[in-house]
Structures are given as structure tokens and as C-alpha cells.
Amino acid sequence: MDDHETPLLSKDLSSSSSSSSSSSSVVVSSLKWILKVVMSVIFVTWVVFLMMYPGSLGDQILTNWRAISSNTLFGLTGSMFLIFSGPILVIAILASLYLIISGEETVFTKKKITKFPRFRLWTFPVLVDGPFGVVSAAEFLGIMVFSVFFLWAIYAYTLRNLNVLDYFHVLPNNRSIFLLELTGLRFGMIGLLCMVFLFLPISRGSILLRLIDIPFEHATRYHVWLGHITMTFFSLHGLCYVVGWTIQGQLLELLFEWKATGIAVLPGVISLVAGLLMWVTSLHTVRKNYFELFFYTHQLYIVFVVFLALHVGDYLFSIVAGGIFLFILDRFLRFYQSRRTVDVISAKSLPCGTLELVLSKPPNMRYNALSFIFLQVKELSWLQWHPFSVSSSPLDGNHHVAVLIKVLGGWTAKLRDQLSTLYEAENQDQLISPESYPKITTCVEGPYGHESPYHLAYENLVLVAGGIGITPFFAILSDILHRKRDGKDCLPGKVLVVWAIKNSDELSLLSAIDIPSICHFFSKKLNLEIHIYVTRQSEPCLEDGMVHKVVHPSVKTPWTNGCSMSVLVGTGDNIWSGLYLIISTIGFIAMITLVDIFYINKYNITTWWYKGLLFVVCMVASVLIFGGLVVVFWHRWEHKTGEVEANGNDKVDLNGEETHNPSAAELKGLAIEEDVQNYTTIRYGTRPAFREIFESLNGKWGSVDVGVIVCGPATLQTTVAKEIRSHSIWRSANHPLFHFNSHSFDL
């Protein structure tokens, strides 16, 4: 054989492989584009119909639709469900297919970024202060659209009310009462249209939120806004009827009415009372000072939804059923995931009182650096769940995830005491029996967060933190450094960290990340600056030189049982979560159709509230039966996959971290490796002057896109957003364009 044949053959194979890969990429891109177009068309058409519905044209469209579809297999209720709730379920199914095709990880390269900086609707702050907090241009447009819709709906329904008065020739004495009740009816209808969207933002692992890459912690604010609007219209709905019945002198008689055919009043009263209790306890002051009262009262959503179905019947309840069904899907999956006990690999306490827990996770669990989890510690409470940002990067290790917890309230104080007890028991290990050894039994929901690691989309980053808000930025830095070390695609080359703390003892948080050990000679690969502002001290303490030492060394838990976090989460495996959604939806449609054919129609069931109850039962049963079946197989797949990967070649140390074997050159240079403190500037007795900070970057970074991520209190976010807005409006062509991103969690 000629010596040149092998290289030629290799070149042919390489060319063939490249051609096949290119062809596959074109097919994937085409499918994604088609799905995007189809989903966009369905969504726009659906929203336009919802906005037209209060008017006479929308009413005529619905009448024609019912005439066409009510005689089909789905019946009258099915026709309403298809036009109001069907589109959002179809979009969810298409979204699951889109995510499956897209793959697991978004890779940002220089080819994907624009040559010149440009404004983005989601990252340009328009409103920076007020009841809405920091509002981006995209959110402001959404607020405007909803505001126009409400004004239009009130105007359109008022015209229709006047036409109804003329049509029925109501007597002058009863005209005002009739108009009042008719207005109450319209307010209730607007409330139902708002409720179409109400449950979509609070589905933590929602396929829809993942599609548009809005994490749950951001979406909760939309739920809050929609909740206020929905309850306002429902309250006006109830108030109009109460005033009208009071004028008639029939308030108590009609208030407790529960008709078989038509609207059942008493269930509506119960639903409204439950809604009002949730509304009052969700106000910012109550939620901030009495969070547990807010949390437990909010469980009345079950009463609110069930009695709403009894109040309006299946026909009208089908208007809001789509969003509620997606929420039930998410809630059942969360319940199943949270039943598993998760091992605490290690725990330690820092001088500032912050606790670090390292939790076990399976190798196939995917998450991004800006993710968060909900944590329950059964020794402290069986009911309380608390959200915490993840402080570790997915590249830190395949078998663990770490969180930092600041001791602020009663729950975290109890956790600190439990860790202290555990530390003392470890020192007396020989004297304590296994049965009496203190334990920390944790359960976890999540992780949740952005679908794509958007911090990797910027070549230049400014990370602004307040206090414990530095936690997610440890994950970002670790993620970037791991990628730089391993030669993976990683855009960020310049990172400025601005961290404001009250006292210097919080500097010990820096011990949670050891930058030189992650990436040796990191300064050659990453331009990193850390500016720390200690606001309540005018000069350093004597102990500041020892800030990297911890009070208690890492505690290894002796009672681990090999249980890691469950991957049964909406943000988990795309194929399984897609199957869960699709099969549950098909099961629900099949179940409601069979009940309609073989029970409701066969036995001539006409009671509205009973049909509404059957509708809710079918929703829940379809998730439990069909969704539960998928969950069982998903769990078995997780178990088998976990066993295979557990027998892999991953090297994990006692802290759950994968070992990295440095090269000979790295080992040779360890003695002269730079210290991260050389790139850290600490200022005492002052706060960050963000205008000066941003102006200083004008000459250093030039005309580039700069991602600014803020994690901290509302005042910090407002201050940064205000400076970004001002800088962006008056910037010169050769200055950076700053993009505001918030990473603060506020239930």
C-alpha cells in the first residue's frame, strides 16, 4: 500500500464527516425556524382573538366557531376549550419539540455576536423606580399592551351593555340595577381573560418559560402583576352584584344561592373570599415581614380554582383551563421530585455566619451557573421550602452542587445550630452511637434558572453584588475559568466584579471559590478585577488578613445513603419532560371526551357546578394517571442511567469535587502563581459610585456590548439600572453599551 493512501483516505472521511455535519446542521436549523414560525403564528392569532373577544366582532367569531365545532366529538365545552386553552397547549407541545431539537447547551461564539453594540428590549431599563421596580423595554411594551386591552375591554363591554339595555326594554326603576349587575358580569369576564395568563409564570419548570428563556425567579413578578389585576376585576365583579342585591333587598338570599343550572353563587363567594385572602397576604409589606403567613395562605389557590369551576361550570372554566393544566403538570412533577431525600456531602460555616452546603447530584443533571434550588431540611420544618442560588458551576464536578446560605431568620438560625451540633458530634465520634448522631435530612426541588447560560453571551461582564448576592457570581467565575482552562468556547475575556458589603467579616465569602486552583495563571486567560466596598467600616480590622479561614472546617456527614437529587424536574431531560407533557395532554383530552360521551351525554347531566367539578377531576386524574405513568418510566430510566454513570471514570474527592491533574508546566509554575488578591481592591467607608465606574470603562473597553448582572437588594438594582439607562441614552459611538440583567429572587 502506498504511504500516501492513508492520509488521503483520512481526508476523504473528514470531508464526508464535515459534509454530513453541515447537512445535519441545516436540517436542524430549518426545523427550528419552522417551529418558531408556527408557534409565533399560533400565539399572535390567539392573543389577537383574546383582545377582540370583548367586542362584537370577537363575539361573532366565537359564535361562528361554536356553530362549527360544537357538533363534533368535543361538544360545546370542547369548542370553548379548543379556542381559549388549546393554542397554549399546542404551543407548549411544539416548544418541547423545539427544545429537543435544539439540544442540551447553547454555545456562544464570536460569530454569533454583532459587530457593533445594539440595544436589546429585554436588557434596556425603561422604568427604574416605582411600584413595578426595574422594568425593561420589553416588559414596558407588555404592560402597555395589557393596559390598552383593559381600557378597550371596558369600553367594548360598556357599549354592549347599553345595547342590551335597549334590547330588553328594562323599566326605568330597574335600569340602574340591571346595568350594575351586567357590569359586574363583564368585570368577571375580564378577570377570567386575565386568569388565562395567571398560572403560566409560576410553573417553575414550565416549557413555555424555557422556550423564551425567562427563569422562574423573573416570571414571579409577572404573576404578581397579573394577580393584582385579576383580583381587582374579580373584586369589582363581586362588588357590583353585592351592591345590586343590597338595593333589591335580596343580598343574603342570593348570596347563598347554589343553582343547578346556571351560575352557582355560593361557590363564587367562597372562591372570591379565598382569592381576597391570598391577595391581601401577598401585598409587599405582609409578604416581606410575614412570609410564612403569605406562603401558607397562598395554598388556598386550590380552594380558589376548584370553587371557581363550581361557580361558572365547565363551559366558562375551560377558558382558563390551559394555564391551570400546565401548572398542575409542573406541581405534580415537583411533588414527585421533592419526595427524595438528598445527601449532604459536606457542610461548613464561615466567620460571617454564612453556611455552605454541598449536596449530592447525579452526573446527568443539567443546570447553568445562574441556577437556584428550593431546599427543605426536615429536622427544621416539614413545610418550609427556601430558595438559594447555586454557588457552584456545573463544571466544578458531576456529582455535587453547592449553595451558600446567609443566616438571617429563624429557619437559617436553626440550620446553623444544627450544623454546630453536627460539628461537635464529629469531634466526639467515638462517644456517640449511630442512632443518636445528629442528622441533616434535605429535600430539593430544582434546579431552575435560565435555559441558556446568558453570561457567556458577552465578551465583557460587570458583576454587581450586594452582600450574599455574590453567591451566583462565584458560579459564573468558576464556569468561565473552567472553560478557559479546558479550552472550551467561552466569550467572556474581561470581568469586573463590584461587591458592596457592610462589614469586613463578609470577605470570608471569598474562600468559597479558589480561583488559582481552578485555572492556573488565570490572568493570562481572563482579565479579572474585583472591587470590594466595605460600607460600614472606615478602616480594616486586624483580623482582615485571615478572612479566608473558616470557623468550622468542612463537616463530612457519616450517614449518607447514596441518594442524590432527582432529575425528574421540568428543566431536566428534554425528551422525558416533553413526553410527560404530550402524553398527559392527550390523556386529559381523551378522558374529558370519554366522560362527555359515556356519562354526561348518556345520563343527560345538566348541572353546571357538577360538570365543572368533573372537568377539574379529569384535569387532575389525567396528570396522576398518564403523567404518573411517564414519571414511573422516567424514574426507572434515571436509576439505570445513574448506575451506568456511577461506574464511570469520574474522579471525585471527599468534597464532591472532580480532581484536576495539572500539567508539568503548571506544577512547575505553582510557586510563582499570582494570588487573586493582587487583582482585588478593597475600599472602606464608601459605596460604589456606579457613574464613575461605568465612565471608567468607556476608554478601557471601547464600543462593545457589556453585560451587567446585578444581584442584591432592590435599591442596588434601581441605582445600577438608573445609571445604565442614563449612560445608554447619552452614550457616544465609541463607548460601551451596557445591558442590564437582574438575578435577584423575590417571591
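Note: Cβ is positioned from N, Cα and C throughout, glycine not excepted.
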Which range is transmembrane segment per Swiss-Prot? Of 344-364, 386-406, 533-553, it is 344-364
Taking DSSP as the reference, which of helix, strand or coil describes Pro387 (FAD binding site)?
strand
Which state, by DSSP, holds Tyr448 (NAD(+) binding site): helix, strand or coil?
strand
Taking only the binding-site residues His386, Ser389, Gly446, Pro447, Gly449, which one has a CA atom nearest to the CA atom of His298 (heme binding site)?
His386
Helix, strand or coil at His237 (heme binding site) [DSSP, three-state]:
helix
What number of additional C-beta atoms lies within 10 angstroms of the C-beta atom of His237 (heme binding site)?
22
Among 37-56, 81-99, 132-155, which stretch has the most Cβ pairs under 8 Å to the transmembrane segment (574-596)?
81-99
Nonlocal neighbours by CB distance (under 8 Å) for Gly446 (NAD(+) binding site), same chain, sequence gap 6 or more:
Arg204, Tyr367, Ser371, Phe372, Ile373, Phe374, Val569, Thr571
Check: same-chain CB within 8 A of NAD(+) site center, minus Gly446, Pro447, Tyr448, Gly449
Arg204, Pro215, Phe216, Tyr367, Ser371, Phe372, Ile373, Val390, Val569, Thr571
Counting by DSSP secondary structure, give me helix, strand and coil numbers for the domain 'FAD-binding FR-type' (337-454).
27 helix, 38 strand, 53 coil
